[in-house]
Structures are given as C-alpha cells and as structure tokens.
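Asker: Structure provided below as structure tokens; questions to follow.
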Amino acid sequence: MSTNPKPAFRRILLKLSGEALMGDEGFGIDPKVLDRMAQEVKELVELGIQVGVVIGGGNLFRGEGLAKAGMNRVVGDHMGMLATVMNGLAMRDALHRAYVNARLMSAIPLKGVCDDYNWAEAISLLKSGRVVIFAAGTGNPFCTTDSAACLRGIEIEAEVVLKGTKVDGVYSDDPMKNPEAVKYDELSYTEVLDKELKVMDLAAFTMARDHDMPILVFNMNKPGALRRVVMGEEEGTLIKAK
C-alpha cells in the first residue's frame, strides 16, 4: 500500500447520499454521524484540499412511493430538492460548529435561507479555502443528485467525484446479498457499462464519462476512509478512462 505524504487531489467533489446521514436511524439526520462527517471534511480542508459537497435527500423524502400513489413526478422532485437543502443546512451548521468556513448554494432560489448557485462565486470560494455545499440538485426535475454531483464536479473542475456510500467500493454483485461478490479496485467506464455494475444512474455516469471525470466509490461510514482516499491510498473503487 503506497502512502503519499501529499494529497492525491487538489480539488474534489464529495457526493454523500442522504441515507448516509441517517446512521442507524430509519429516518432523518443522526447528529453524531453529521458531526463525524464534518470532522472528516475539516481534515481535508486542513490538508489544503478544496472541497465541494453534494448531498442527496433520501433520508428525508422519497418520491417514488408518492409517485406510484399518483403524485406528479415534478412535484415529488421539487420536494426532493427541498430535502437536499435541509441536509445542506444541517451540514453547513455542523461545519461551522467545527470551525470550518462553509457556504450553501442552492440551484433553486431560497432568499434568506442560502445563496443562489453561482459558478464563478463557487470557484472563488473554493480557492479561498471555503467548503461549498451544492443543494437542490441541478434545479431540474428528472435529474438525480448523482447527476448534480457530476455536473457540479465538472463545472468546478474537480479532479474527482468521490461517491460516499454504505459499501466500500464497487462489487460484481450486491455484497449484502451475495457473499461471493468480488470487489473491484479499479474499473474503466466501459467495463462498468459492459458488466452493468450499479455505480450511479446512467445519465450521471455517462456525463462523467463524456467529460473524463474520474469517480471513486468508497464507504463514508468507515472512519478515516475519506482521508485515505484523498491521500491516494488503496481505498474504494476508482473508475476512470483506460
């Protein structure tokens, strides 16, 4: 295992699922998990890494069930966007309590709650060492927060999209259901598509591929994993062009 004294990345986009904030709870935000994540992000800032964050909203709102019951998909997606803003507010607060400067930018205007998304300002804030949290997805219905993560990652010229999940990488099958599942250390975009591996939704994944944006999948619930990832140590699964 190689340990580089310097970080492997200068600027990253960290994608966290809303579910990751739940901890062992079935719903909502576990304050202990939130504070631990804020501390891990703080470590990156102290290493001189510029950090953008996109958080999902699945811990607070899931639109699929309501859509099946007849709710308009656009309405459901708007509710989902607001859930990501709530998570973003919680993360910004946790970072501030950890003495980390952070700004929350929303793709839909919410005057008095958070800033409107502004590309030039986001870049400027990142360069000045502030963590920038991007909320409300892309601002459009029918787009996942994985799509938002890839889009924002490409826009801010991040070197990698780090996708924090509940498993420690990409497997040949669901490791929770199949103990024979094999973990991959590195994959090409083509291999992921050919093997039909579940990394993120197709629209998000092809956007990353088309713009040569590497994706690194790791377990955000594993203490220290995020730091190991940015230091270039063997952690998670890296997906990039071969």
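Keep in mind that glycine also has a Cβ here, set from the backbone N, Cα and C atoms.
Since we're looking at a predicted model, the values are computed, not measured.
Checked Swiss-Prot, it gives:
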- Lys15, Leu16, Ser17, Gly18, Gly58, Arg62, Thr165, Tyr171, Asp174: ATP binding site (BINDING)
- Gly57, Asp77, Thr138, Gly139, Asn140, Pro141, Phe142, Cys143, Thr144, Thr145: UMP binding site (BINDING)
- 23-28: region 'Involved in allosteric activation by GTP' (REGION)
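Buried or exposed, and what's around them? Tell me for each listed feature.
Answerer: A simple way to gauge crowding: the CB of Ser17 (ATP binding site) has 20 other CB atoms within 10 angstroms, across all the protein chains here.
In the three-state DSSP reading, Thr138 (UMP binding site) counts as coil.
Listed as Cβ neighbours of the region 'Involved in allosteric activation by GTP' (23-28) (distance under 8 Å, sequence separation of 6 or more from its ends, same chain) are residues 59-60.
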Asker: State the three-class DSSP label for Lys15 (ATP binding site), counting H, G and I as helix, E and B as strand, and everything else as coil.
Answerer: strand
Asker: To the nearest whole angstrom, state the Cα distance for the pair Thr138 (UMP binding site) and Asp174 (ATP binding site).
Answerer: 29
Asker: Taking just the CA atoms, what is the gap between Thr144 (UMP binding site) and Lys15 (ATP binding site) in Å?
Answerer: 12
